[in-house]
Structure formats: C-alpha cells, structure tokens
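Notes to accompany the following structure.
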C-alpha cells in the first residue's frame, strides 16, 4: 500500500509527497537531511577521491617510467610503447560496463576494495618485468581491474545524491585524476631520482613498486570506510536510510522499489534498454570524442622534455602545473554547473570548443615555451569537459531503473576510454618536435564533441518540455 511522507521545510511548514516504500509515515527536518548528506560526503567522496588519485598514478606512470629508462631497458620502440598504453584500455573499456552489471548485485565497499587490491599487486609486479610481453600482460590486468572503478563510483554517486548535488561532487572526484597526474609527476621525480640504483634496482622499477604498495594499503583501508547503497548501507540507521532513498524519489530518481516496474531486470534486458535510449549514445558519443584528448598525459613528459630539460626528473616536475591548472578549472566548473543543471551539456560544448581552438594554435606555434603555456590552457578545457560529461551522465539517466542506469552510466566511460586506443598512436617519436598529426586529430575530435554536446543540450531541453 502507499503511504504519505511528510517533510518539513525550513520554515517548519510541511509539504506532501508520495512514498511508495510502504514503510509508514516519516518526517524529517532540513537539518536531518543535511546530516545524512554530510555523512555520505565524509565516507564516500574523500575515500573514492584518494582511490582515483592512486588509480590515475598507476595507469599513467608509464609515461614517467619511459623517460626514466623503461624504453631503453626493455628495448621498446615507439610502436611498442603505444601498444603498452592501449593494452590497458582494451580491458578498461570492455570491463567497465560488465563491472557495472555486477556491482548492482554486490556491496560496493567490498567490490571496490577487491578491484584495487588486485591492480595494486599487478602494479608492483611491473617493477620486475624483464620482457615486453610481460609488461603487456600486466598492463592488461591493471586495465581490467581499474576498469570497474570509475563507472562503478559514478553509479554509486547517482544512487546517493539528487541531480542538483552531483556535478560538483563528480567534478571533485574527477579532480583526483588531475591531482593524480600532478602527484604522479612529483612522486615519479622523487622515486626515480632518489632510488635510482638502490639495491641494484632501476628508478623506474622502484616507481612501479612504490605506487603498487600505496595502492594495496589504501585498498585495505577503503573497504572499511566506503558506504554501500542507501537501502543496505551498514553505516546508516534505518531513519537515515529512509531519508536517503525518499529524497531521491522526490527528485525523480528510480531507486528500484517501484512496484509498477515489475520484477528485477535481467542482464541482457538491462543492456537492451540502455542501448535503445538516445541519451546513452548522445552522452557516450560526446565523451568519446572529447576523451581522445585524454591520451595527452602519456606524452606530457615527452612534450615537456622538449623545453630543454636534460634531466628526466625536471621534465616530470614540469608536468605538475598542467595538472594543477586543470584541477582548478574542472572543480570550479562543477560548482558553477550545479547552478545551471539543465544546461551542463552546453557548458561542456563551450569548454570542448575552447580546447579545440587552443589545439589549433598549438599546431601553428613552434616555440616550446609558448606551446607549454598552451598545453596548460588546453588541459583546462579538456578536463573540464570530461568532468562535466560525467555529471551529465549521472543526472541524465536518473529516471532509469538502477540496473539500466548502471549500464548507461558506464557506457560513456567505456567509449571515452576506448578513444585512448587510437589516441596512443597519435604522437609517435618520429613526429617530434611538433606532433602535428596528433594535435590535428585532437582538434577535430574536440570540435566534433563540442557540436554533439550542443545537440544533446537541445535534445534534453526538448525532452524536459515534452514531459512537463
């Protein structure tokens, strides 16, 4: 049976909303709701933020290892290095959607900790590789298990927060990737420089070992902190769970308990429904096009090395300002986007177009210091687009059943990261120092992504008008 939910406003006057959970009359104050949100924020956001920092360091440390001697020691050609990059994304792109099918049936706290533990062990093992095939196999393993983290985390965020709360949190979580790049440069410089030759081990090998150990330690800690889903989280009281689920339903989020939906959907039916919705393809296509530019971090150390730094340590440190500027822009954009939630896609179109214009200028400029400054601006546009794209995905699919939303949220991540498969070949060493082909392709994909997100914004506006 249906029951009535009474919620008190700031002024103390109640308003009525329909509660379909059949759990009786419930009332709460705005302060009680804020308390629930703060509790989620403290357990979920900082924990996954650190996980994202570590995951990005573990996937992008290949670029720092390259200029610290990896290519020379393993006798890798430019094509070999590109293959080492893309093998990660084969597993990453494929396993993201598959992982999100699984996570709706498991406890996210245990699942995320398990994924992280396995890829941390594989990262440590990369410090002992002797041959190119060994490197490829370990990169595939890291990609497979890292692949479940990003789409899973954003699905969990969409399961806890109402749409108006998601953009700044999504941007903050993704900002970990940006600081992960900055921290990665700092750690790489310290480790490869300070531990070079220690106990007869090369600095680039120490880099993998140290970062892998950090990953394993945090995985063990995170499992005890992370919340699960609102209805099942062991860290919350029954009243807090009720507040968390009901406020989502009040904002149109399908929490999976609507009797009109019928029985739980099967895996194939969930995939079919997700793929039949134009919103899934629109958002996935836009993120996929913009995502091509996210391959640049693998080549930041190489591009910065052209500034004239002969020591690889200084080249690694000089990548930090690129990441730091992108962090500020992406985080600021998330807060602004939550104030205009119906036009986040238009916001992305603007940032992607800005990055495309900067990329054109990069093709025209030959002076290294000017190109370095342009890379900083380009990073701001690219990463602001990606972070807001995640927010568009989590909020656009709120009305879908949880099993379907899990797939729809994961597909943009999969398509976006699949772009790195061809992106890895855009900057071969023989194209140095200008890398015109690489920047030309990135310009085209960013421009196309900008146009597609503008179309998505119009489509979503018409859909809201039709449903109103």
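Even glycines carry a Cβ here, placed using N, Cα and C.
Quantities reported herein were computed from a predicted structural model and do not represent experimental measurements.
What TrEMBL records for 1-21 is compositional bias 'Polar residues'.
As annotated by TrEMBL, region 'Disordered' applies to 1-28.
Per TrEMBL, the feature transmembrane segment maps to 40-57 (among others).
Annotated domain 'Major facilitator superfamily (MFS) profile' per TrEMBL: 44-465, in sequence order.
Per TrEMBL, the feature transmembrane segment maps to 81-103 (among others). Beyond its flanks by at least six residues, the transmembrane segment (81-103) meets 59, 62, 66, 71, 111, 115, 132, 135-136, 139-148, 150-152, 155-156, 267, 270-271, 295, 298, 403, 406-407, 409-411, 413-415, 417-418, 420-421, 424-425, 428 of its own chain at Cβ-Cβ distances under 8 Å.
According to TrEMBL, the transmembrane segment annotation covers 110-129 (among others).
Positions annotated as transmembrane segment by TrEMBL: 135-157 (among others). For the transmembrane segment (135-157), the list of distant contacts is 44, 48, 51-52, 55, 58-59, 62, 74, 83-85, 87-97, 99-100, 102-104, 108, 111-112, 115-116, 118-119, 122-123, 125-126, 129, 166, 169-170, 173, 229, 390, 393-394, 405-406, 409-410, 413-414, 417: same-chain residues at least six beyond its ends, Cβ to Cβ under 8 Å.
According to TrEMBL, the transmembrane segment annotation covers 169-191 (among others).
Marked as transmembrane segment by TrEMBL: 203-226 (among others).
Annotation source TrEMBL lists transmembrane segment at 281-300 (among others).
The transmembrane segment annotation in TrEMBL covers 320-338 (among others).
Residues or ranges marked as transmembrane segment in TrEMBL: 345-366 (among others). Here the transmembrane segment (345-366) has long-range neighbours at 286, 289-290, 293, 333, 336-337, 374-375, 377-378, 380-382, 384-385, 388-389, 392, 434, 436, 439-440, 442-443, 446-447, 449-451, 453-454, 456-457, 460, meaning same-chain residues at least 6 beyond its ends whose C-beta is under 8 angstroms from one of its own.
Feature annotation from TrEMBL assigns transmembrane segment to 372-394 (among others).
Remote same-chain residues near the transmembrane segment (406-427) are listed as 79, 82-83, 85-86, 89-90, 92-94, 96-97, 99-101, 103-104, 147, 150-152, 154-155, 158, 270-271, 273-275, 277, 279-280, 283-295, 298-299, 302-303, 386, 389-390, 393-394, 397, 400, 435, 437-438, 441-442, 445 (criterion: CB distance under 8 Å, separation of at least six residues from the stretch ends). The transmembrane segment annotation in TrEMBL covers 406-427 (among others).
For 439-460 (among others), the entry in TrEMBL reads transmembrane segment.
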Do we see three or more Cβ pairs under 8 Å linking the transmembrane segment (203-226) and the transmembrane segment (40-57), pairs being at least 6 apart in sequence?
yes
Rank 110-129, 169-191, 320-338, 439-460 by Cβ pairs under 8 Å to the transmembrane segment (372-394) and hand me the top one.
320-338
Take every residue in the domain 'Major facilitator superfamily (MFS) profile' (44-465), average their pLDDT values, and give the whole-number result.
85
